[in-house]
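S.K.: This structure is in structure tokens; I'll ask about it shortly.
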Amino acid sequence: MTDARPRICILGGGFGGLYTALRLGQLSWEGHTPPEIVLVDQRDRFLFAPFLYELVTEEMQTWEIAPPFVELLAESGVIFRQAEVTAIDFDHQKVLLNDQDKGTESLAFDQLVIALGGQTPLPNLPGLKDYGLGFRTLEDAYKLKQKLKSLEQADAEKIRIAIVGGGYSGVELAAKLGDRLGERGRIRIIERGKEILAMSPEFNRQQAQASLSAKGIWVDTETTVTAITATDVTLQFREQEDVIPVDLVLWTVGTTVSPLIRNLALPHNDQGQLRTNAQLQVEGKTNIFALGDGAEGRDASGQLIPTTAQGAFQQTDYCAWNIWANLTGRPLLPCRYQPLGEMLALGTDGAVLSGLGIKLSGPAALLARRLVYLYRFPTWQHQLTVGLNWLTRPLGDWLKNEPS
């Protein structure tokens, strides 16, 4: 930039981007020119993704899990730009944006953070794009709620749902839908591997399997989907093929890197993720950092940092510090990742968690999960507002239902 004030440009308002921006706003720039910190995201709201399931069951409301960026950043000194990132010009250190109001423009940077996240892979499967529904964004949750409402209002005896993918998202979503639909639901998880939650601790996997069984949710392992229509899915188990009638297909199969990240003129791994060093700098670029789903991050010990919310949480402190160090002439710190365990929601009245020597399931785990995530909300103001709402909502519901 020609301006004496350096600019830090953060692309992506997910966990990695937003929390890095907030942390940068908290650091002291005494004795140095304070930078301009700009956060860019194409949506107007941050999404606390672990609670997206609670939106479907109406345990939580949109404002709780998806507060507007302008509210979260109001007292941080961080500037928010709602725009789509279309390209990055590394030679001239500019980000090209498509702004709904301003059209195409560029944004110069001195320090850059690439935290654009990932997307659900959509293979060339017959019927998937027309009849499959993803579950990653706020818009996906709204579409699912609308579809469920339509199915619930119809006079069909059963509501048949196929969930493709037996990872965290598929299992948590199945359990929540099982509780919402009750006896009327006919839910099936389709997993091509030998078991669901293949990366989970054994305790979590066993508790999840027991919960799904108790809710009457079927699990088909070593099974692939070969076609989807408006009324059925075709499944292949070894050499056998079956056609199963369905009302709704939910696609929750993994994460892939966005085409924008994949096409950047930067070092990538075989999955298209940006290669970074332990300081979270993109290889060969001292002023460009990457974290989250779009980056292959390794900590000081060489341990691969998982592309989860927990991994992003821990990366953001180091990312913010190292940008600050770049601009103030301090030494950069290598990231140190500490696995803290795993939590899964298993319906509206239970969960499971394990980590740091603790194993917990049922309502106690559900409460612990909520409190841990409440603590992880972006700002203390949002923590306070949501926490008070959780405390007072039961009283409000009771008063609403109390006979006059």
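Count begins at 1; order follows the chain as displayed.
For all residues, glycine too, the Cβ spot is worked out from N, Cα and C.
Not measured: the values here are computed from a predicted model.
Take a look at what Swiss-Prot says about it:
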BINDING   7-43  FAD binding site
BINDING   159-195  NADP(+) binding site
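Context for these features, please: burial, neighbours, distances.
M.R.: Proximity of His32 (FAD binding site) to non-local residues of its own chain (separation of 6 or more, Cβ distance below 8 Å) is seen for Leu327, Thr328, given in sequence order.
Taken residue by residue with DSSP, Asp179 (NADP(+) binding site) is part of a helix. Counting only same-chain residues at least 6 apart in sequence, those with a Cβ under 8 Å from the Cβ of Asp179 (NADP(+) binding site) are Thr57, Lys215, Gly347, Thr348, Asp349.
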S.K.: Minimum Cβ neighbour count within 10 Å among the binding-site residues Leu22, Val164, Ile189: which residue?
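M.R.: Sparsest of the binding-site residues Leu22, Val164, Ile189 by Cβ contacts within 10 Å: Leu22.
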S.K.: Find the shortest Cα-Cα separation between Leu22 (FAD binding site) and the binding-site residues Val164, Ser169, Ala174, and name the residue that gives it.
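M.R.: For Leu22 (FAD binding site), the closest Cα among Val164, Ser169, Ala174 is found at Ser169.
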S.K.: I want to check the contact list for Gly17 (FAD binding site): same chain, sequence separation of six or more, C-beta distance under 8 angstroms. What comes out?
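M.R.: Within the chain, Gly17 (FAD binding site) has Cβ neighbours under 8 Å at Ile10, Leu11, Leu39, Asp41, Val113, Ala115, Leu116, Gly292.
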S.K.: Quick one: of Arg7, Arg184, Lys194, which of the binding-site residues has the smallest count of other CB atoms within 10 A?
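M.R.: Checked Arg7, Arg184, Lys194; of these binding-site residues, fewest Cβ neighbours within 10 Å: Lys194.
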S.K.: In this structure, which of the binding-site residues Gln42, Ser169 has the fewest other Cβ atoms within 10 Å of its Cβ?
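M.R.: Counting other Cβ atoms within 10 Å of each of the binding-site residues Gln42, Ser169 gives the minimum at Gln42.
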S.K.: Ranking the binding-site residues Gly12, Ile159 by other Cβ atoms within 10 Å, which is at the bottom?
M.R.: Ile159
